[in-house]
Amino acid sequence: MRVFLDAAACKQADEEAMQRGIPSPVLMERAAYSVVEEIRKREFDLSCPVVLCGTGNNGGDGAAAARILSEMGYRPRVLLFGDPEKYSDQMKLQLHILSSCPAEVIRCSKEEDLKACDSATVLIDALFGIGLHRDLTGLFAEAVRYVNHLDCPVIAVDIPSGVNTDTGVVCGAAIKASLTVTFTCGKPGLFLFPGTVYAGEVVIREIGIRIPENLDRRRKLYNVEESDLCVLPERDESGNKGTFRKVLCITGSPDICGAAFLSAKAALRTGVGMVKIYTSENNRIPLNTLVPEALLSVYSEKQWEEDQLLRDMDWADIILVGCGLGTGKTALKILKTFLDHNHKPAVMDADALNLLAEHRELMRQPDFPCIITPHIGELSRLLEVSVQDLKENLISIVSRSADESGVVFLAKDARSVVAEPNGRVYLTTSGNSALATAGSGDVLAGITAGLLARVPEHPLAAAALSAFIHGRCGTLAAEDRSEASVNAADLLDYIQRFS
Ligand SMILES: NC(=O)C1=CN([C@@H]2O[C@H](COP(=O)(O)OP(=O)(O)OC[C@H]3O[C@@H](n4cnc5c(N)ncnc54)[C@H](O)[C@@H]3O)[C@@H](O)[C@H]2O)[C@@H](O)CC1
Ligand SMILES: [K+]
C-alpha cells in the first residue's frame, strides 16, 4: 500500500522532521541530491543544465541542485524569478552557497531574459512546489509557456510548477515535465488528471522525512498495489458453491440485457459460488445463452410481484442492484422493495443511484454494509454538485459524502476515489482510457459484488480492491489490444489474474 499526502500534510511532515532535530538545509541537500542522482541515472546531456528557481524552498532545492551539479564539474545556468525580498530563508542560504560556485546566475525580470533557456540540454523546474497557492501570472506564466516549447528533458522538483498538489488542477499554466522527482511520498496532484499528464514519470525519493502518525485522515490517501490483494481470504480447498457465497444481481430491464450479463459474469469470474439474476422476462433467452452458469429469476412488467423479489433477496448473501435496471415504474418498485427490506451487504450502481437522485425521499442511512459505485454523471445527480466541481474536488467531496451518508463510495473517474464513512480514502491509479467504454462500469459493479462476497464485513476493502483490479484489467486488455479497441466484455478475461 502506498500513501499520498496533500500539501498541508507534507508541510506537517517537514515540520515534524525539523522538530526531531533534522535541520532544513539537511533535508534540502538530500532533496537536491536525489534530483541530481535521478538526472544522472538517465544519462541526459548535461552540457547545459538550466535551473529555474522561484522564491520559496522549491527554488532552494533548485539552487542546491545547481550547486551539486557544479561541484560535479557541470556548468549549470540558474535563472532566478520573483521578488528577491520574498526569498525564503533556505532559498537565501542556498543562493549564498551557490555564489562561490562556478555557476551562471541570471535574474529574470522580463520576457527577453527567458532566451537564456534556449541552449538548455536539461531543464530543472524549481519555480513552485507544494507552496503554490494561487494562479501563475506575469513572468512566471510566461516562463512556463516558454519552457513548454523547448525540446529538452524537463525535470520537475517535487511537483511540476503550476500543478495544484491536492487536486492536480493546472493553476493558470503548468510546466510539462518528462520526469518529476518528488520527496517522501506521492502527492495526489501527481496522479490526478490533468496534473498526472504534466508530471510525466514520477519518482518518489526518501529524504528522511517520516509520515506523521496523527494526520487528519482526509490529508492522507491510500493507493492499492498488487501485494494488497493478500488481504482477500485464501480459497477454501474443501469448499462448495455455497461456501463461496450467493450473489443476487437485480439488474437489466425490458430494454437492457448487456448490463445484466456483464455484471453477473464479472461476479462469477471474481470467485462467487452462485449468481442469480433477477431481471425482466425479456432477458430470459439471451441471459440463458450468455451466462448459462447463472440462475435466473424473471419478472413480468405487467404482473410484478414483490414476494418473488423478497424470496430471491432472502436466498442471497450479497446483493447487487442497479446495472441496466432502468428508471421506470417497475424499476422504482424494485428499488423501494430492496431498500425497505434488505439487510445484506450490497452494491448499488447506475440506475439504482439515478432513481435515488430522482426520488430523494428514498435516501436514508442504510442499515446494511453498502457500497455505491457512481460515475461522475451519476454522482453529480446524486449529490446535486456540478460535474466541474466534482472533477476539481473529487477527493474532498467524496470523503465528506461518505461520512454524511454512511455508505462506502467508489466514485468512478479516470482516477477513481474510494472512501469509507469516517475512515480511509483511496485513490486508484491503475486504470487507463480503455475503461472509458460502455459496460465497463457493469464489470466493475460485478467485481465489487464478487469481492464483497469474499469479505462481506469489509466493504472498504472490497471497493478499493475492485477499483484496482478493474483498472489493471483495463491496462492488461489494452496491452493485448489497444486502449481504443477494448470492449467491456474483454475485461472479463483478465479478472482471473487477480482471483
Ligand atoms: N523542510 C522543508 O520544508 C523542505 C522543503 N522542500 C521543498 O520546499 C518546497 C515547498 O517550499 P515552500 O513552502 O517554500 O513553497 P514553494 O517553494 O512551493 O513556493 C512558495 C513561494 O512561492 C510564492 N507563491 C506561491 N504561489 C505563487 C504564485 N502563483 N505566483 C507567485 N508566487 C507564488 C509564495 O508566496 C512563496 O514565496 C517543496 O515543494 C520542496 O520542493 C524540500 O527541500 C524538502 C524539505
Ligand atoms: K517544481
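Residue 1 is the first one shown; counting continues down the chain.
Each residue, glycine too, has its Cβ placed from N, Cα and C.
A TrEMBL annotation is a machine prediction, not a hand-curated record.
Between the candidates Gly423, Gly439, Gly441, Gly446, TrEMBL assigns the AMP site shared with Lys412, Asp413, Ala414, Arg415, Ser416 to Gly441. Residues Asn58, Asp125 are recorded by TrEMBL as K(+) binders, and the candidate that the same record lists for that site, out of Ser161, Ser178, Ser227, is Ser161.
In the vicinity of ligand 2, defined as a Cβ distance under 6 Å, the following of the binding-site residues Asn58, Ser161, His375 are placed: Asn58, Ser161. In terms of C-alpha distance, the listed binding-site residues Asp125, Ser161, Arg415, Ser416 place Ser161 closest to His133 ((6S)-NADPHX binding site).
With a cut-off of under 6 Å between the Cβ and any atom of ligand 1, the binding-site residues Ile130, His375, Ala414 reduce to Ile130. Here the Cα atom of Arg415 (AMP binding site) is found 21 Å from that of Ile130 ((6S)-NADPHX binding site). When other Cβ atoms within 10 Å of the Cβ of Gly60 ((6S)-NADPHX binding site) are tallied across all protein chains shown, the result is 29.
Highlighted in sequence order, Leu52, Gly54, Gly59, Gly62, Ala126, Leu127, Phe128, Gly129, Ala156, Val157, Asp158, Ile159, Pro160, Gly162, Ile175 have their Cβ within 8 Å of the centre of the Cβ atoms of Asn58, Asp125, Ser161, the residues recorded for K(+), and are not part of that set.
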